[in-house]
Number of protein chains: 2
Amino acid sequence: MPAIANPRLLILHPRLNLYLKPSFATMLFRSHHNFSLFSFNHGRKLAIPKPQLFSVNPRNLSSSQLAAEAHSNSRDNGGGGRSGALSPPAIVEAIQKIDVNPPKGTRDFPPEEMRLRNWLFSNFKEVSQLFGFEEVDFPVLESEALYIRKAGEEIRDQLYCFEDRGNRRVALRPELTPSLARLVIQKGKSVSLPLKWFAVGQCWRYERMTRGRRREHYQWNMDIIGVPEVTAEAELISSIVTFFKRIGLTASDVGFKVSSRKVLQEVLRCYSIPENLFGKVCIIIDKMEKIPMDETRKELKSAGISEEAIEELLQVLSIKSLTKLEEILGPTGQAVSDLKQLFSLAERFGYSEWIQFDASVVRGLAYYTGIVFEGFDREGKLRAICGGGRYDQLLSTFGGDDIPACGFGFGDAVIVELLKEKGLLPELNLQVENIVCALDHDLQGAAAAVATILREKGQSVDLVLENKPLKWVFKRAARVNAQRLILVGNSEWQKGMVSVKILSSGEQYEITLDELE
Amino acid sequence: MPAIANPRLLILHPRLNLYLKPSFATMLFRSHHNFSLFSFNHGRKLAIPKPQLFSVNPRNLSSSQLAAEAHSNSRDNGGGGRSGALSPPAIVEAIQKIDVNPPKGTRDFPPEEMRLRNWLFSNFKEVSQLFGFEEVDFPVLESEALYIRKAGEEIRDQLYCFEDRGNRRVALRPELTPSLARLVIQKGKSVSLPLKWFAVGQCWRYERMTRGRRREHYQWNMDIIGVPEVTAEAELISSIVTFFKRIGLTASDVGFKVSSRKVLQEVLRCYSIPENLFGKVCIIIDKMEKIPMDETRKELKSAGISEEAIEELLQVLSIKSLTKLEEILGPTGQAVSDLKQLFSLAERFGYSEWIQFDASVVRGLAYYTGIVFEGFDREGKLRAICGGGRYDQLLSTFGGDDIPACGFGFGDAVIVELLKEKGLLPELNLQVENIVCALDHDLQGAAAAVATILREKGQSVDLVLENKPLKWVFKRAARVNAQRLILVGNSEWQKGMVSVKILSSGEQYEITLDELE
């Protein structure tokens, strides 16, 4: 390692949180004529960020002083070229490029992505409002206790949880329903039922980053609190169908598989299997498609289900016809009667061709109690698009009143994949009505005045904030899809006028400020 | 402690994450005829959630089995009254009410709050678009390294940070600017400058919960990347003025204090104070108003500023006139020339009366380099409404190109307080165009068909999903502010008609389904 004459000249850069292993730092010094290990920029020089590696006494200089010194020196020597020499008075400084990517599993939304997100969310919101639902939201950070449920749900293992500075166990919400239940209980008698609430919120799951899954997604939820009848489920499915139609999907692109958890419950009851196994069995069955059948059998057996019951269960789960189900379970049970009502309502709502009975649908959350449904793509390429159902006991297990409820969650990921596949993603461009530009530096203020006049009339304006050649301005106008270019030039301005160019037609004219609108 | 004949009958309820201290559990058993210690509901019975307190062998029953058993039993015995007896065969069950409040320092948004938030955000967004800005967003969870800056900022001490399951140091974002800088660097040459970006996002700070402060707030940001001239700052302030006007505030309600960090820099330079102390001095001065003057002097001294320089600094900071500043700093410096240009532009933009020079404004973030500004209420009752400035070196300290930038942050808390004070909060009600109701249970499907027809025509419909008395329906119609009530009755339906009542006038008529629109 080269000798360092004056250790104070080693500028440390703790704000970039760059930690080098000692061996790595040594290597760096050994190879100080070849800095390609680091992402370098603009000939800035490199510093070593671990004070204890060198003879800098941290008591003499606080880390912020050191950082500030680095900062100041970087400006003073900004123009210098690369310097590999470490002998004085060379100053070595680290500008370690930060990781420019968002944390693993998360996304940035640059303008083009944001336009798509806004388009999607507007459709979520407009459909919800068409159905008379009110928007709500909850904290993205909730108490962990809200999500600690029984039955081995996937969601619990994927909780993004930690202890906050006040030693509270908190979690980034993995779903919205528990928060909604909490808020409904909190509101108590002050709200009149039924509640029809919707939300579009970000949810977090710490999943293995396989299969292109992300760790956060936005979820559209619609919930009806206080309606025990199947009309509620029928209404919810109707709203999703309305959404699908709005964004260009048809019944030949997507559909809903519908069942009821009561089917399972009635089979279990036939075999005198204790109801307390219900949740656990549901979770096992929900994973059925992803694991070998023998594995499912084994799991059901170790849950305490007899082999005979398992076979019956698996047979029932393979049923895709309501008539067949009725033959097996009989016509008097709640499961069959609920499902028959739903299919009859679907006809009146006008979405019969979108839904089909499928006993294998149970959904992966422990709290469902009745009808469950799942949106799917008919080509079978993607995971479920959305899912929901009735959860009549969630509020009471949280200590609230026994209030019937149902709802669904609809993520922002699978639907975008599907629209991409079908070529249905909309083309969304930035659109600004006017671009206003001063032709002379002295006219910047005049251009600002023109922009203000237009904006006060509700016209959007991209104001050119620097003196730029006209060629640049036209390129900019094209990029922002401006309809009009308004040029503020000296001779027109002295007459109280500006020059207007309609960019689609090329038409050009002069008008007074009063005429601008 | 009373003897328990059959410990298996103690139903445990781990899903509610209710932990009792042993002493507390004992007390509970001692006073089993008085359960008022717990928030009780519906005569449900109480269970003890700590298996190890009693002779239940957890190896025989998994916690999920126990929970499921509790669950099943709660339904079987749901109708039972309160029972204090613990002797068999009484079953003790815990329904501990969850904490119905959001975590400390966070908020729920029930419909009325959500309407206000949507109204505020719409104004943020519409103003941004009027100025030709594009919306962006970033993850709420960022790498902690992004926020580790020098100079003792308050924001760093308040970081909501933790280690994720992959041992990465992450933080809930305390502000949006570092994420924006990260994304700009990531985009590199693929974007054409200047960028004009805005965002409305939630930010988190783990503050002591004094003075009614919350730990999360939403922040509206507008940033201009790539413009070195003061026109950019002038444009940003113009957009905030536009926002203020839009929501009913005038220049006699609010204003902007404006200064430049270059003022401070020039004073420090006069006294040959090393520039590396700049950030630190700014942070000390930013807190000046909150702490005694002597404390500020002491902090400045311990930062290494001479007493003479401190006095000069404090004197300059008290200046409220640009002319006076020019007298002291001379007319040639960048600080005075930037500020003069800003005030001249303000005149052309038309917001002169909204802004004033105030040398004491420096803002609490380390990265500002030039003009800084702060929105304030003229009655001086509230904290700063918004704040921003130029940060020409943030991108390069992150390892990106040297790109000039400026922007502001505008929180959702202070502005709402101010509007409340001024009586300017809008009245925002749920508004549904139609309420549709079947007069007979058999007509639920018919009502669904009517709702579908209306919704396909873009009319919002609150569909009554149960059979309810007309009186209830009218009350509901009033609550949702419906314009029309559409009743589906048997005799009309057989003629293919429905009955329509205009709720504002009381006018009532029958029309065919084709005529509905």
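Each Cβ is built from the backbone N, Cα and C atoms, and glycine gets one as well.
Site annotation (TrEMBL, ligand L-histidine) includes A:GLU175, A:LEU176, A:THR177, A:GLN219, A:ASP223, A:ARG363, A:TYR367, A:TYR368; from A:ARG205, A:ARG246, A:ARG348, A:ARG383, the additional listed residue is A:ARG205. Every protein chain considered, the tally of other Cβ atoms within 10 Å of the Cβ of A:GLU175 (L-histidine binding site) stands at 18. Taking every pair among A:GLU175, A:LEU176, A:THR177, A:ARG205, A:GLN219, A:ASP223, A:ARG363, A:TYR367, A:TYR368, the residues listed as contacting L-histidine, the largest Cα to Cα separation comes to 21 Å.
Taking the domain 'Aminoacyl-transfer RNA synthetases class-II family profile' (A:105-426) as a whole, pLDDT averages 93 in the prediction.
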